[in-house]
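For reference, TrEMBL has these:
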type: TRANSMEM; residues: 23-42; note: transmembrane segment
type: TRANSMEM; residues: 87-105; note: transmembrane segment
type: TRANSMEM; residues: 111-138; note: transmembrane segment
type: TRANSMEM; residues: 223-242; note: transmembrane segment
type: TRANSMEM; residues: 262-283; note: transmembrane segment
type: TRANSMEM; residues: 373-391; note: transmembrane segment
type: TRANSMEM; residues: 438-456; note: transmembrane segment
type: TRANSMEM; residues: 476-494; note: transmembrane segment
Amino acid sequence: MNYTGRCVRTRMGVKAALPRYEVYLYTAVLGVAMAWAASWIVEASSENVNRKAFKESVKPGWHYFGRKMDVADFEWVMWFSTFRNHILFALTGHVIFAKIFSLLVPKHRSLVFGLYGVLAVLVTMGWTFMGLILSHCLMLYSVALVKKRWLCFVAGLATLASIKLEPYNSWQETLVTGSFDLQDVLFYGGCGFTIMRCMSFALENCDRKEGSYSFLDLLKYNFYLPFFFFGPIMTFDQFHAQANSSKLSRKDRELWGITTKALLHLGVILVVDMFFHYLYILTIPSDMRLVQKLSDWSLAGLAYSNLVYDWVKAAVMFGVINTVARLDHLDPPQPPKCITMLYVFAETHFDRGINDWLCRYVYDYIGGDHDKIFKELLATLCTFAITTLWLGPCELVYIWSFFNCFGLNFELWVAKFFSYPPFSTIEGVMGESMGRRIRGVFNAANFWTIVLYNVLSLNSLEFAKMVGRRLIFKGFPFSTLSVLLVTYCGVQLVKERERNQALLEEQEAAKMAEKEKAE
């Protein structure tokens with residue numbers, strides 16, 4: 001997963017319009033191509049449902065479908081099947097507890113959030129785990145009092161390394177007694193997110209001019225239960241300001257919006273489970289013998305659908321947590337941007353919380369306006385070094401980090417190169433619409449580099465190499481050009497959506513300006 005992304009720069013020609021019939025043509029081509037690719041995957045799933053390699057990850061599904069379903073993703077099964085009732089119980093208890101005390105003692109609701117979180121973590125994981133978490137908090141709080149950014153980073157990253165590298169992580173894990181299926185996930189999630197939150201606290205404390213935040217402020221921030229084990233991360237400055245605000249009024253129809261999104265997430269969960277009865281997109285890539293028999297279009301659709309599913313999973317999981325946070329009058333990080341809408345590395349991320357953390361404390365802090373090549377290179381190297389440590393150093397993560405870091409820098413190099421004459425002069429002469437079409441060609445190629453660079457972290461290096469080899473070399477020219485053509489159509493539809501959004505924002509800004517003049 002790519003956790004980094006440059007702050008969105010203004011894209012040239014964003015308001016450039018295309019003829020309506022051209023947009024309709026792109027829609028038709030994209031729709032037919034996606035339906036065709038999906039039909040290949042459905043056929044491959046149905047014909048190979050009884051393969052020996054599918055035995056562990058394709059299990060009996062809903063009775064009224066009469067089909068088996070893909071259960072290869074542990075996280076999805078954990079959240080919405082195996083441990084669904086446990087998670088719902090904990091979050092429902094938090095909502096009820098928080099609502100009662102927010103009405104009784106609104107000024108101290110952040111303390112109530114923290115107390116409930118401490119009790120829930122203690123009951124779930126035990127005293128030893130609680131002691132380990134408190135030791136991490138206490139150590140990083142002590143470093144925060146020194147108010148040296150470099151020292152906060154050294155201490156924080158060293159602590160993070162202690163749960164990511166052997167033998168230190170194994171030693172800490174043995175301290176946690178008990179055994180249940182979810183223990184490993186909760187241990188590493190709780191420790192990892194705790195350290196990142198403590199680093200945010202320490203870095204914000206460095207920027208505070210007078211005095212320091214208290215240890216109680218850190219505990220209230222860290223033990224907010226909805227974020228504790230699974231994220232997302234809110235930076236300390238945002239959480240502290242929002243959780244300690246006593247103004248608990250809501251905007252018009254805000255509660256209706258929260259309810260609508262909760263129902264939408266429920267609907268998406270049901271739809272995804274239905275699709276898993278027909279599309280074994282997670283299990284097929286693990287069987288390389290079957291993958292070799294698939295058509296180029298099936299492989300392209302399989303790689304794309306894996307990234308779309310990962311986005312859907314992140315959006316739903318964070319969406320459920322964010323719904324609870326919004327009920328607590330917080331404004332949590334937004335869901336990630338859909339992979340379908342991405343055609344530049346600068347906007348690629350699957351966890352907006354981690355992305356915001358990295359941008360605030362590393363990427364933007366070092367890179368500034370991201371316009372200078374060497375500062376950008378240094379910023380991306382530091383950002384991906386921390387991201388590699390966060391994900392857990394291994395060969396696959398090293399490869400993923402290298403290619404995504406290269407892609408982010410290569411975009412800047414290309415943009416710089418084409419900003420000089422004669423290219424800038426030619427673009428000015430040809431007009432905005434033609435410029436948009438030419439940019440769309442490059443964006444289509446860039447889209448598939450994003451897919452290939454990130455699919456290896458979701459499936460395997462062998463699968464990513466297979467997709468790349470088939471689409472670029474063995475499938476050339478027919479498969480390569482046809483996939484790029486369909487992708488080009490998709491990119492133009494995304495650009496059209498961005499154009500409409502830009503026009504709406506411009507109209508709203510004009511209305512606000514007229515309103516201010518009238519007042």
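The backbone N, Cα and C atoms fix where each Cβ goes, and this holds for glycine too.
Same-chain neighbours of the transmembrane segment (87-105): 79, 112-113, 116-117, 120, 124, 225-226, 248, 320-321, 324, 327-329, counting only residues six or more beyond its ends whose CB sits under 8 Å from a CB of the stretch. Nonlocal intrachain contacts for the transmembrane segment (23-42), taken as residues 6+ away from its ends with a CB within less than 8 angstroms of a stretch CB, comprise 278-281, 284, 294-295, 297-298, 300-302, 304-305, 485-486, 489-490, 492-493, 496.
Between the transmembrane segment (223-242) and the stretches 111-138, 373-391, 476-494, the greatest number of Cβ pairs separated by less than 8 Å involves 111-138. Beyond the transmembrane segment (111-138), the same-chain residues lying 6 or more positions past its ends with a Cβ under 8 Å from any Cβ of the stretch are 90, 93-94, 97-98, 101-102, 105, 159, 172, 175-178, 183, 186-187, 190-191, 194-195, 198, 215-216, 218-225, 228, 243, 328. Residues 18, 22-23, 25-27, 29-30, 33-34, 296-297, 300, 340-341, 343, 436-437, 440-441, 443-445, 447-448, 470 of the same chain sit 6 or more residues outside the transmembrane segment (476-494) yet have a Cβ under 8 Å from a Cβ within it.
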